[in-house]
């Protein structure tokens, strides 16, 4: 038996989403065609758009379907940057948190390297929270130069939920639009687009029990974006390309279901997470938890996120040993050619590089049970002892 | 046994991993990330540390159904292999980085980490044979394919390292291995062999060294006349026995071609001379490593002084870390810094790093 504790990487599809998608896969129809089959597909897409919009507190016309989180982040950051610069050439500065996913980070670095953008990175506090006042201070260095603010809704590594509404308020005082990558938040903590005040929001299907390869960028009607994909003019001209009707249908079903049962599921998953953390911290290996954690809490940290620092271990050794013991998890940080890099999130939170190398991320989800937590806790002591012996051998 | 198969992404290590699995071992594939910039993408398929190579290795592991990991040994590799390489050239010697990598990385850092994680041994795609003696000890022997034999670069392994090493390709020829890879459906079957030095992408060692050491202009002196006959941009760029790239007038006064006969790092001088000055028959080596118990007294051996060189009958005498080797015939172009590997028949006795090479009459 394998204990799958990497739901933040991707989570199993919900049976209802599989059924809806599978049914749609055998139906012909391009949603852009004018004949009967096309209209049928179009209807499925629009109904899905409405269901999705309702579940996330947005208007259907604000939903732009994409291929997933990375594309949505790229369209949001690049499209908004270019559009704002067109309206006012002085607006070339991006105010971005230092703990963003690489889909935002690398996009920003691309704009800095190739399109004359500048960036002000906003550092988080030691728990991984991006304080609204820090965003405000970054903006007020020169408000007239800012094109866009981007701060994720919840961090993918340490699970810290960000004060999105406060950040939006600070930016809107200066009339600056705000984007938030809500990929990890959707379906796990309450996400309401209209109430958040956001101008742009990234979501994806496969983190909430939908299929891989489909996501959406939620765009306020007032927000102009320069398209990044050119072609048939689908999705408000923002994102051309034939719509993936089956995936979109599965996406909407998954979001509706996971948002619908969010409250009880958050409590259930957080209880598993709390037991995992409490026991792991009590093992006597000096293990610490990163980020903002308070047992019972389901709003300040993603309910399913457990992020550990194991002193004296290399995360990749732990990963191998746990994998060999049937426990699947992650170091949490990005890989380059399969080599885990010290996490930029932990470094930004002030964790020393050596400690950051012992990072282990366990993320629970809708299929997680007590047995998964037990399997991890049973495998951990031997893995830590082995990994400690191996550490230093390779550096 | 639980075995780590070191997988470079090439055809040899792919077949080696497959053979270990066939032999009934529990195999986990490990690709070593050795490049400082893990994102380095090179144009051609040479070297052993590109993203493409890691991807090829992963694909083979997938086909074999074995777990696969990338272990980052870039820092160790830089310190123990790359910096050693620069320091050796800088001191006027000609190092063999593959040998150093085997000594310090593959059968040290990798093996140690594997053992600490609960593995019993490491398997690689080197062409060499491990022969188990009746007493349980293990001997390192040449591969059956003389064209591919890599026992020379493994001559640094100690008995302890050998005890935990597998070379599943030692009984095969390269064409057999390629054929087997094809039969197994590995698409790396036709991938070109890696050659040259994996961390020098374009193979231009002199330019690579110049980027790191800077230009250090000096004289090229003729050994016969003692006169300055040319100029160089850094003595580190020259190797004893080298003929090409000296930038000397095409014909010297006596009409005979000139070779590098000495590199004097202290005075930054490159000494050139005629071919007859290249012949040596006495070597002094240090940093001796024995693939078994250290030999006592004078031993009759075959000595090989470069990676693909001929073996020459010799006598050797070990004294602690040092080895004296007397060759039965003159050998040309023996560069200090290279290793002399000693054989008894096909068995590797040990090796040492050549410090001095002279002609004794």
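Numbers run from 1 along the shown chain.
Just so it is clear, glycine is given a Cβ too, placed from its N, Cα and C backbone atoms.
Per TrEMBL, the candidate among B:65, B:92, B:118, B:125 that belongs to the ATP site alongside B:6, B:7, B:8, B:9, B:10, B:11, B:12, B:13, B:32 is B:125.
Sequence-distant neighbours of residue B:12 (ATP binding site) (same chain, 6+ residues apart, CB-CB distance under 8 A): B:125, B:126, B:127, B:169, B:177. Comparing Cβ neighbour counts within 10 Å across the recorded positions B:8, B:338, the minimum falls on B:8. Taking each Cβ in turn and tallying the other Cβ atoms within 10 Å, the top scorer among the recorded positions B:6, B:32, B:101, B:198 is B:101.
When the recorded positions B:6, B:198, B:338 are compared by Cα distance to residue B:101 (active site, nucleophile), the shortest distance belongs to B:198.
Cβ neighbour count for residue B:10 (ATP binding site) (all protein chains, 10 Å cutoff from its Cβ): 24. All chains included, 26 other C-beta atoms sit within 10 angstroms of the C-beta of residue B:126 (site 'Interaction with tRNA'). Counting only the Cα atoms, the space from residue B:8 (ATP binding site) to residue B:198 (disulfide bond) is about 11 angstrom. Confidence across the domain 'tRNA-specific 2-thiouridylase MnmA-like C-terminal' (B:282-354), taken as the mean pLDDT and rounded to a whole number, stands at 93. Helix, strand and coil content of the domain 'tRNA-specific 2-thiouridylase MnmA-like C-terminal' (B:282-354), in residues and according to DSSP, is 0 helix, 51 strand, 22 coil.
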